[in-house]
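Here the structure comes first, spelled out in structure tokens, and everything after it is commentary.
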Amino acid sequence: MVEMTRLDIAQGDFWLCLEQRLAWEGVADETVVATVREILKAIRCRGDEALLEYTQRFDGLEIARAPELEIPTSRLQAALTAISREQREALQVAAERITTYHRHQKQESWSYTEPDGTLLGQQVRPLDRVGLYVPGGKAAYPSSVLMNALPAKVAGVSELIMVVPTPKGEMNDLVLGAAAIAGVDRVFTVGGAQAVAALAFGTESVPRVDKIVGPGNMYVATAKSMVFGQVGIDMIAGPSEILVLCDGKTDPEWIAMDLFSQAEHDEAAQAILLSPDGVFLDKVTEAMARLLPTLERQEVIANSLRSRGTLIKVENLDQALEVINFIAPEHLELSVEDPQALASRVRHAGAIFMGRYTAEAIGDYCAGSNHVLPTSRTARFSSPLGVYDFQKRSSLIQCSPQGSQTLGRVASVLARGEGLTAHARSAEYRLKG
């Protein structure tokens with residue numbers, strides 16, 4: 001038996017009920033905040049000494065000297081050799097596709113020259129150094145390494161520093177192998193808020209970075225939010241989400257498994273199915289009941305579906321689009337006859353998976369698009385991680401002698417209107433006559 005809340009857009013309190021289902025408290029509790037604040041202060045003040053202490057305390061890693069925290073590149077290559085041929089080839093295929101996709105995103109510098117010779121433009125440059133946080137231990141997320149590292153490499157980032165916790169020295173060869181394929185420059189066996197602090201402030205051994213990307217637990221997310229402003233960050237991600245719109249003509253078992261694919265992340269993950277066909281909603285529910293016992297993470301999935309999973313009945317696809325754009329889902333599947341036409345009407349979604357044969361899991365691993373996506377309705381104003389996140393822009397302005405006369409007079413008038421005399425005179429000193 002699968003328990004999921006069922007809503008109908010025709011019910012009077014539909015939008016209120018939907019908002020309640022979407023609500024998620026993403027703020028860390030006071031204990032977490034206090035702990036993270038203490039860790040950040042210690043790393044900032046005592047550097048490697050504090051980093052070693054926290055690594056020994058939280059990861060049980062007995063290392064006497066901080067330089068031993070760095071994993072040599074030879075170990076990354078050894079990990080790549082140690083994994084199975086099938087895994088190695090899968091990582092390489094995924095890496096090639098991710099690189100190809102992200103090359104299309106790369107922004108270039110541009111400029112134009114006005115008739116009087118004044119030049120205006122924009123110079124695009126990569127960040128110097130980026131830090132990548134990767135969960136470690138028994139969890140293996142090589143896909144996160146590829147998705148975060150490869151766009152940075154395409155952007156031209158000079159140095160990519162990866163941090164990954166290795167509890168009791170346990171290293172994951174898939175993760176290290178992915179780092180080798182992605183061209184990560186340096187890897188350190190540190191994790192948690194202390195790793196974020198080391199990247200943000202720098203220590204004697206860990207270099208300070210310009211931006212920190214990558215997923216992590218509540219302590220990592222809280223640390224990232226606290227150091228933001230001193231360094232850039234990608235985003236503070238919430239639980240994983242999927243919204244599937246189906247017209248009722250796709251195999252119910254396919255849809256059931258698509259919903260499971262996100263619900264298995266954790267109990268806070270959210271899976272929503274939207275359909276104008278009420279009978280189809282019943283069929284998917286029946287399929288989930290059959291398939292759930294076959295899955296290793298069935299308890300996590302069941303809890304996720306019970307707490308946040310939702311089945312929504314709409315009258316037509318126009319109503320479905322209204323709901324989709326309200327939810328602004330992280331992952332959106334359009335399992336309908338003409339998905340491209342429908343996709344053009346979607347205003348808010350992290351990634352749109354079009355057609356009956358496009359499982360969301362393909363995007364998680366190897367389609368080529370990035371799986372780091374805005375969650376918790378932030379797709380209303382945010383975008384997937386991309387090359388542009390690892391580039392920055394500088395404005396270019398060069399006035400010709402003639403241009404300085406025309407623009408100088410305009411600047412003078414506006415500056416004096418604001419009461420900024422030095423601004424005005426700076427422009428006026430270049431005026432002739």
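Using N, Cα and C of the backbone, Cβ positions are placed for all residues, glycine too.
Copied from Swiss-Prot, the annotated features are:
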ACT_SITE  Glu330  active site, proton acceptor
ACT_SITE  His331  active site, proton acceptor
BINDING   Tyr133, Gln194, Asn217  NAD(+) binding site
BINDING   Ser240, Gln262, His265, His331, Asp364, Glu418, His423  substrate binding site
BINDING   Gln262, His265, Asp364, His423  Zn(2+) binding site
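Here the features listed in Swiss-Prot are placed on the structure.
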residue	record	DSSP (3 states)
Gln194	NAD(+) binding site	helix
Asn217	NAD(+) binding site	coil
Ser240	substrate binding site	coil
Gln262	substrate binding site	helix
Glu330	active site, proton acceptor	coil
Asp364	substrate binding site	helix
Glu418	substrate binding site	coil
His423	substrate binding site	helix
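Of the listed binding-site residues, namely His265, His423, the sparsest CB environment within 10 A is found at His423. With a 10 A radius on its CB, Gln262 (substrate binding site) counts 27 other CB atoms from all the protein chains.
Cβ neighbour count for His331 (active site, proton acceptor): 26 (other Cβ atoms within 10 Å of its Cβ, all protein chains included). Here the C-alpha separation of Asp364 (substrate binding site) and His331 (active site, proton acceptor) works out to 10 Å. The recorded positions examined here are Glu330, Asp364, Glu418; by Cβ neighbour count within 10 Å, the least packed of them is Glu418. Sparsest Cβ environment among the binding-site residues Gln194, Asn217, Ser240 (other Cβ atoms counted within 10 Å): Asn217.
Around Tyr133 (NAD(+) binding site), the same-chain residues six or more apart in sequence whose CB sits under 8 Å from its CB are Met162, Val163, Val164, Gly191, Ala195, Val196, Leu199, Ile212, Val213, Gly214, Pro215, Gly216, Val220, Lys224, listed in sequence order. For the binding-site residues Ser240, His265, His423, a Cα-Cα cutoff of 10 angstroms around Glu330 (active site, proton acceptor) retains Ser240.
Looking only at Cα atoms, His331 (active site, proton acceptor) sits nearest to Ser240 among the binding-site residues Gln194, Ser240, His265, His423. Other than the site residues Tyr133, Gln194, Asn217, same-chain residues with C-beta atoms no more than 8 angstroms from the centre of those residues' C-beta atoms, the NAD(+) site, are Val163, Pro165, Gly191, Gly192, Ala193, Ala195, Val196, Gly216, Tyr219, Val220, Ala223.
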